[in-house]
Amino acid sequence: MGEAPEIQLQILAEDNKLDENAAERQTNGSMSQSTTIPRQRTYKWWLLMTVYTFFLLTGQSVATLLGRLYYDKGGNSKWLATLVQVAGFPILIPLYYLSSYKSSNHNTTTSNRTTNPPSVLVLSALYSGLGVVLAAACLLYSVGLLYLPVSTYSLICASQLAFNAFFSFFLNSQKFTPFIINSLVLLTISSALLIFQNDSSGSTQVSRGKYVIGFVCTVAASAGYGLMLSLTQLCFQKILRKETFKVVLDMIIYQSLAATLIILAGLFASGEWEGLGKEMEGFKLGKSSYVNVLVWIAVGWQVFSIGAVGLILEASSLFSNVISTLGLPVVPVFAMVFFHDPMSGVKVISMVLAIWGFVSYVYQHYLDDRKSETGKV
């Protein structure tokens, strides 16, 4: 009878340890679930993924093609073409308040378990730093689109996936598997092939030197965008420590605001704003078309942002970048139809290699997902 209390104490201690381990596993599971594909794969989840993918690909294709149209019909302001890529963020504000209302009702219990939010100073530095990277990448993209045919420009942008994987290795502990290495090699070769081709017969007739400048700027922009995605994921993991729809919208709106202010300063400092009136007067499609093209470029990039945000929320930032690469075959085909860009043999080989690299990357993501599902069983 004297041993009964000791046995009960041991049982209680073991139960407490089991409860602590279960709570710890639940906490770790909730933290990792924000960066992986959700467990519940109902028809609603697939519908959301389809809608977000459609938004991303449609916004990206429309904005890129209209950006080329702006240059072809008389636009020549690199800073204005850069500004419209980020200045459309106010249209996301209604969605921001809608998500704030829903998250306040849905996450009342889970929000109490989160750590203390970062200070205003930390958040300001975070959004400002990402805004600088975003502004630089958008400016480089504008220069590349000015000097390159839209089909060549789009294919070179495939390198952003390789840069994203490279930076994720150092910043996000991304593991290099044979399929990831295969994707990096194929995408690098795909972009490198295009430096040997100058499509002077297409919609963009530039010198060899400007073609090289456009190529270098586009590759640098892809590297900057890949770095920004990796830094964004790092901020979610180390600083924000959560990935709700409201937090993701905060990230997009505030970094876009910072990038807009930087680009506006560049627009006025460069003196290009003085020639915008003449540019509008000389636009080949008319003044109203000039305004409409710029407005729809801004809307297109925000539609792209909504799709990217949705995929980040439902899957991960890397998966969102992978899906954006799926638009590679779309833009060159439309460019061939609307801008009469030639589809040469080198460009076809580059496209095939880019698609091969994309499939290799997606297959690795599929293997990782299957492995994580097997581990949960």
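Glycine is no exception: its Cβ is also placed from the backbone N, Cα and C atoms.
For 45-67, 79-99, 120-147, 153-172, 179-196, 211-236, 248-269, 289-311, 318-339, 345-363, the entry in TrEMBL reads transmembrane segment.
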**Asked** Same chain, outside the transmembrane segment (45-67) by at least 6, Cβ under 8 Å from its Cβ: which residues?
**Response** 38, 81, 85, 142, 145, 150, 153-154, 293, 296-297, 300-308, 310-311, 314-315, 320, 323-324, 326-327, 330-331, 334-335, 338-339
**Item:** Range from 153-172, 179-196, 248-269, 318-339, 345-363 with the greatest count of C-beta pairs under 8 A to the transmembrane segment (211-236)
**Value:** 153-172
**Intrachain neighbours beyond the transmembrane segment (179-196), with Cβ under 8 angstroms and 6 or more residues off its ends** = 152, 155-156, 158-159, 161-162, 165-166, 212, 215, 219, 346-347, 349-351, 353-354, 356-358, 360-361, 363-364, 367
**Message:** Take the C-beta pairs under 8 A between the transmembrane segment (79-99) and each of 120-147, 153-172, 248-269, 289-311, 318-339. Which stretch has the highest count?
**Reply:** 248-269
**Message:** Restricting to CB pairs under 8 Å, which listed stretch, 120-147, 153-172, 248-269, is in contact most with the transmembrane segment (345-363)?
**Reply:** 153-172
**Item:** Stretch in 153-172, 248-269, 289-311, 318-339 most in contact with the transmembrane segment (120-147), if contact is a CB pair under 8 A
**Value:** 248-269
**Prompt:** Excluding the flanking five residues on each side, which residues at least 6 beyond the ends of the transmembrane segment (153-172) place their CB within less than 8 Å of a CB in that stretch?
**Reply:** 64, 68, 144-145, 180, 183-184, 187-188, 190-191, 194, 214-215, 218-219, 221-223, 225-227, 229-231, 233-234, 237, 318, 321-322, 325, 327-328, 331-332, 335, 347, 350-351, 354, 357-358, 361
**Asked** Restricting to the same chain and to residues at least six past its boundaries, which positions have a Cβ under 8 Å from a Cβ of the transmembrane segment (289-311)?
**Response** 48-49, 51-60, 62-63, 66-67, 69-70, 73, 75, 80-81, 84-89, 91-92, 95, 245, 248-249, 252, 279-280, 283, 319-320, 323-324
